[in-house]
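Undergrad: Here's the feature list from TrEMBL:
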- H119: active site, proton acceptor (ACT_SITE)
- N149: Mg(2+) binding site (BINDING)
- 53-242: domain 'DNA/RNA non-specific endonuclease/pyrophosphatase/phosphodiesterase' (DOMAIN)
- 54-242: domain 'ENPP1-3/EXOG-like endonuclease/phosphodiesterase' (DOMAIN)
- 1-23: signal peptide (SIGNAL)
Amino acid sequence: MLRTIAASTLAFALCFSAGEASARDSSQSACPQIFADGRPPAIGRHADNRLLCFRAYAVMHSARTRTAVWSAEHLTRAAVDAARDLPRDSDFYEEPRLARNERASLNDYGRGAGFDRGHLAPSGDFGHKASQAESFSLANVIPQHPFSNRRTWSHLETSTRRLVRKVGTAYVVTGPAFIRDAGTLRGRIQIPDFVWKAIYVPGMGAAAYIARNDATPAYSVVSIAELAHFVGVDPFPSLPAPMRMTALDLPPPTPHPGERVARKVSFACLAGAESATAVPAADPLHKLARTASTMLALAAAYAR
C-alpha cells in the first residue's frame with residue numbers, strides 16, 4: 001500500500017519528474033552550510049522549482065503548489081538557546097524573489113481561509129532577529145490545519161529544539177506531503193495532507209516525524225528510507241544505507257501546559273486513512289471509504 005501511495009505522491013502532488021534542469025533554479029552549491037555534507041535534499045527536478053537561500057535556512061520552492069517542497073536548517077544549541085529570549089514580533093511577507101503568479105500572497109491567508117500560516121522552518125529555531133524575520137517569508141509557509149499547527153506540530157517542533165540542546169547540533173529538513181487532492185487555498189495554494197520533519201544528528205543517526213495535516217492527535221517516527229519512499233524527497237542523500245534504514249529514537253512531543261500530548265502510532269496506521277486509488281475524489285464511495293478510514297485513525301490516536 002505504501003508503495004502505491006508513494007507513486008501517487010510523486011505523480012500527483014510534487015510533480016518532480018526527472019528531466020532537464022531549469023535555468024531558473026539556483027545553483028545546487030548555494031548555501032552548502034545549511035545541508036548535511038553540503039548536499040541539499042534530493043528530488044526529481046522540475047522547471048518550476050527554485051532554491052532560495054536565507055541567512056539560516058533554505059527552501060526549495062514550487063511554483064505549482066506555491067509552497068516549499070522542503071525547508072532545511074542546520075540547528076545548533078547556541079542558536080536555539082538564544083531563540084528562547086528573542087521576542088516573536090515579525091510579520092509574514094510575500095517572497096520578493098518569486099514572481100507574483102508563482103508565490104503565495106498575504107490575501108491567500110486572509111480572513112476565512114480556515115488554515116494557519118504554518119512555518120516549515122519555525123521562527124523559534126532562530127537566535128538572531130534578522131534570521132527570525134526571514135522565517136516569516138511565505139515561501140516558508142504551508143496552509144496548516146490550526147490543530148496541527150498549534151498543537152501536534154508545535155509540540156514536535158519544541159521536542160526537536162530540546163533534542164538539539166541535548167546533542168549540540170542537528171540538520172533538519174521539513175516539508176509537506178501531497179498524497180491526494182486535498183484541495184487548494186483560495187484556488188491557488190495546494191493544501192498538504194501530511195507534514196514531515198527529518199532530523200539527522202551527526203554520529204548518532206537520523207529519523208523523521210510525520211503527522212497528518214488535520215486534527216488527528218497522532219504522529220509517527222519513520223526511517224529516512226521510509227520517508228523518502230512516501231514523500232518523494234530524500235532529505236539527506238549523503239547518509240549511508242544502514243543509517244537510512246534505521247530510525248533514530250526521537251523524543252516524544254512536548255505539549256504546552258494543559259494540552260494533551262499526541263500519541264505515537266505506527267506509520268501504517270497514520271497513513272492508512274489515505275487511499276491511493278485512481279477513483280476521483282468526488283466519488284461518493286471513495287469519500288465514504290476515506291471518511292471511515294480517517295475515523296479509524298482518529299479512534300486509534302485517541303485510544304489509550
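Quick reminder: no glycine exception, Cβ is built from N, Cα and C everywhere.
On this model, are these features tucked inside or out on the surface, and what's nearby?
TA: With a cut-off of 8 Å between CB atoms and residues at least 6 apart in sequence, the same chain places S135, F136, N140, V141 near H119 (active site, proton acceptor), listed in sequence order.
Cβ neighbour count for N149 (Mg(2+) binding site) (all protein chains, 10 Å cutoff from its Cβ): 21. DSSP assigns N149 (Mg(2+) binding site) to a helical segment in the three-state reduction.
Model confidence over the domain 'DNA/RNA non-specific endonuclease/pyrophosphatase/phosphodiesterase' (53-242) is summarised by a mean pLDDT of 96.
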